[in-house]
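Here is what TrEMBL records for this protein:
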| type | residues | note |
| --- | --- | --- |
| ACT_SITE | Asp443 | active site |
| ACT_SITE | Glu452 | active site |
| DOMAIN | 506-586 | domain 'Carbohydrate binding' |
| SIGNAL | 1-15 | signal peptide |
Amino acid sequence: MAPLLLLLCFPLALAGHDYGQALSKSILFFEAQRSGFLPNNQRVTWRANSGLYDGKASGVDLVGGYYDAGDNVKFGLPMAFTVTMMSWSIIEYGKQMAASGELGHAMEAVKWGTDYFIKAHPEPYVLYGEVGDGNTDHYCWQRPEDMTTDRRAYKISPSNPGSDLAGETAAAMAAASIVFRRSNPAYASELLRHAHQLFDFADKYRGKYDSSITVAQKYYRSISGYNDELLWAAAWLFQATNNQYYLNYLGNNGDSMGGTGWGMTEFGWDVKYPGVQTLVAKLLMQGKAGRNTAVFEKYQQKAEYFMCSCIGKGSRNAQKTPGGLIFRQRWNNMQFVTSASFLATVYSDYLTSAGKTLNCAAGNVAPSELLSFAKSQVDYILGDNPRATATWWAMETTSLNKFTTGLPQLFPTRRTLPLKASDPNLLTGAIVGGPDAYDNFADQRDNYEQTEPATYNNAPLLGILARLNAGHGGYSQLLPVVTTQPKVAPLPKITPVAPASSSSPIAIQQKLTTSWVSKGVTYYRYSTVVTNKSAKTLTNLKLSVSKLYGPIWGLTKAGDSYVFPSWINSLPAGKSLEFVYIHSASPADVAVSSYSLA
C-alpha cells in the first residue's frame, strides 16, 4: 500500500498507557489505506487519490475500498473481515468511542468499506472479490497514486462461486447495518438488502472463492473452507434482523457445518469459528436460543474452549512468547493477537453481564481474567514487553530522522527503494506483524513478515481500546454491568400497571430491579411481568410500550407494537411472560393493544 512509510519501534514507559490516544491513532491508520477519490476531510495528507479506473475494463465502478496491507491490491475477503470487526467494535463499544470523540471517525472507516462493497455487488449473484494482481504488484514497488501494474477485476458468480467471500461480505454488510441503523436508516436498509442477497448467493451456490479467483490463492487462500463464513453471516444477519430463519440456520447447521464441533485456538480473516461461537453464546445468554438451546450450548462450549486456551487454563492452550504474547506464526502474528484479545474482551463483558463464570478444564474462571488477558496483550503492543518497544505506531511528534528503516512490502524481491533509505512518510497507528516466538523483532525494511501492517490487525483493536480507555462503566451487552460499587441512586416511584378493568384477562406488573450511575447519569433496569389470568390460551398479543428510552429484551418489535418473543407464540392459562428494559427515566407506559383467547 504505501511503500515509503514509517517505522514502528520507539521506547515507551512501562507505567500506564493512553488508550484513548491509541484508539485515535488506530482509526487514523485506515485513512492511509484508502483507495479511490479521497474526501475533503482526509487527515492523512500524504495519501492522495488512487485506483481511479478500477473496474472500468469490466464495465463496473470499483473505485474505493481499502488496500489490505503494504501492497496496492484490494483483496475482498480480508477487507470484508476488517469491516465486520470494525462494526462489531462499534456495536459493542460505540458509546465508549463517542465519549472519546472517535465514534464519527470509526463509522467513517466502516462506511468507506461498505460503500465499496455496494459497488462490488452489482447483481444479486455477482460479487467482485479482488482488484489488482498480487504477482505483478509485489514485483513493482510503487505508491498507489503512481501504480502502473495490472488492475484487473476478479469476480464470483453462480458458475464460479465463492461462499466464503460472499458470506463474509454478507456479514460485513449486516454488521454495518446495525452501526448505521439510527444515524442513517436508509443506508442501513440498503446494506441489509445486499446482505440478504449475498447470504442467499453464498448458501445457494457453494464453493471456495479461491477456486474461482485463483490469483488470490498465493495471498489469501481459504484454508478453512466456507462453512464458517456461512454460519458467521447467519449470526450477523440474525443480529441485524431478528429474523428467525437465520437463528434456525445456526441451530440446524451447527453440527454439520462445524460450529459445534471445531474447537479452535485461532480467529482471523480465514477462520471464523470462534467468532461465530462467541456470537451464538451471546444469543444463548440473552435468552434468544429458543428451541435451539441444546445446539447453542455446544457452540458455547467451543467458545469457552477458545477463551480458556487464551488464558492458559484449557485442555489445549495457545502458545505464548516468554514475554506473554500469543504466538501462532512468524508471518504477521499480531493479527491473531488482536482478534483473540477482542473476543476475550467481549466475552468477559457477556459473562459479567449474565452473572456467569468461564468454565475451563482448570476450573471456573472469573470473567475479569479474560479482560486482564486482553489488556496484557494490548499493553505488550504498547511497550510492556522484553524490548520495551511499541510494535505499532510512531508518534507524530517524533522526528523522522530517528528512524533508520521503513515499512517493507510483501516480498524481498522489491529493491526499488534502497534498504537504508529514509522514510518520507509516516504511517501513524499501524499494527505491524510483530515479534517472533522469542520476542525478537528485527526492524528492517526487507523483514516483511514482522514489519508489515494490515487492516485486519487494527480492526479488532478498536473495540478493545475503547473498552480499556473507558474503564469500568455501565456495559449492557446483555444486561447492565456494574463492576464496582456504584453510587446508590434515588429510586423512582413505581406505580403498578393496572389492567383496563378488573375483568381483564391480562395483568401487567412492573418493578425496578437495580440502578446505577455512569458518568453522572442514573440508569434503571425494570422487569415487567405479563400474566394470563384467563382459563384459555393467550395468542396474538400486542403491547404498546411508550416513553421507552433504552433497549428492551424479551419482546419482538412489530411496527408500532411489541409482540411475543420469537421463541414462543402463545401464553397458556395462568402462565407469565417477563421482559426487561433499561433507560434513565421512570417506568415506561405498558398497555395491552390487542389479543386473542383460544
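Each Cβ is built from the backbone N, Cα and C atoms, and glycine gets one as well.
Those TrEMBL annotations? Automatic predictions, nothing curated.
Here the structure is a predicted model, which means the values were calculated and not measured.
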Review point. What are the helix, strand and coil residue counts for the domain 'Carbohydrate binding' (506-586) according to DSSP?
Key: 0 helix, 52 strand, 29 coil
Check your understanding: Over the domain 'Carbohydrate binding' (506-586), what does the predicted model average in pLDDT?
Key -> 86
Study note, to complete from the structure: Whole-number Å distance separating the Cα atoms of Glu452 (active site) and Asp443 (active site) is 10
Exercise for review: Among all chains shown, work out which of the active-site residues Asp443, Glu452 has the most CB atoms within 10 A of its CB.
Suggested key: Glu452
